[in-house]
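Note sheet for the following structure.
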């Protein structure tokens with residue numbers, strides 16, 4: 001019987017085969033006509049790839065059926081190397097926890113009276129508990145940017 005093999009280029013080859021012929025035999029005949037090695041050939045019929053060990057009758061291939069020839073692609077994508085960094089990774093900044101840190105903002109005199117060492121920001125935006133930074137010539141609030149300047153550096 002006669003079957004047709006359509007290649008990727010659109011060329012159609014006619015082959016004389018028997019229903020009892022194996023797929024390997026068909027690939028060998030294609031190699032004789034086209035010169036494509038059988039290990040690079042993939043034959044497809046009715047959307048299925050034909051396996052080498054089976055016969056044409058197993059796939060119900062009858063006379064004047066058309067097989068599609070596709071070339072086998074070997075391998076896959078190139079394996080990527082793992083990145084190696086030359087400089088070590090920076091450690092994340094950890095805030096130091098100081099026990100009883102609030103005590104540095106207050107002073108207790110010999111009578112037991114508590115007085116503030118830092119000035120508290122009077123702005124409504126900041127609220128209670130926000131202290132102003134003490135500089136040599138001014139008090140400065142880091143939250144709302146309120147600044148009180150001294151006339152003379154001695155007037156702290």
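Note: Cβ is positioned from N, Cα and C throughout, glycine not excepted.
On the 0 to 100 pLDDT scale, the model's mean across the domain 'Ubiquitin-like' (1-76) is 83. The domain 'Ubiquitin-like' annotation in Swiss-Prot covers 1-76.
The number of other Cβ atoms within 10 Å of the Cβ belonging to residue 65 (phosphoserine), over all protein chains shown, comes to 17. Feature annotation from Swiss-Prot assigns phosphoserine to 65; the stated evidence is similarity to another entry.
In three-state terms derived from DSSP, residue 76 (ADP-ribosylglycine) belongs to neither a helical nor a strand segment and is classed as coil. Annotation source Swiss-Prot lists ADP-ribosylglycine at 76, citing similarity to another entry.
Look at Swiss-Prot and you will find 54 (among others) tagged as site 'Interacts with activating enzyme'. According to its DSSP assignment, residue 54 (site 'Interacts with activating enzyme') is coil.
Cβ neighbours within 10 Å of residue 68 (site 'Essential for function'), excluding its own Cβ and spanning all shown chains: 17. The site 'Essential for function' annotation in Swiss-Prot covers 68.
Here Swiss-Prot flags 72 (among others) as site 'Interacts with activating enzyme'. Here residue 72 (site 'Interacts with activating enzyme') comes close to 39, 40, 41, 42: these same-chain residues lie at least six apart in sequence, with C-beta atoms under 8 angstroms from its C-beta.
The zinc finger annotation in Swiss-Prot covers 121-144.
In the three-state DSSP scheme, residue 68 (site 'Essential for function') is classed as strand. Shown are the recorded positions 54, 76; the one with the most C-beta atoms within 10 angstroms of its own C-beta is 54.
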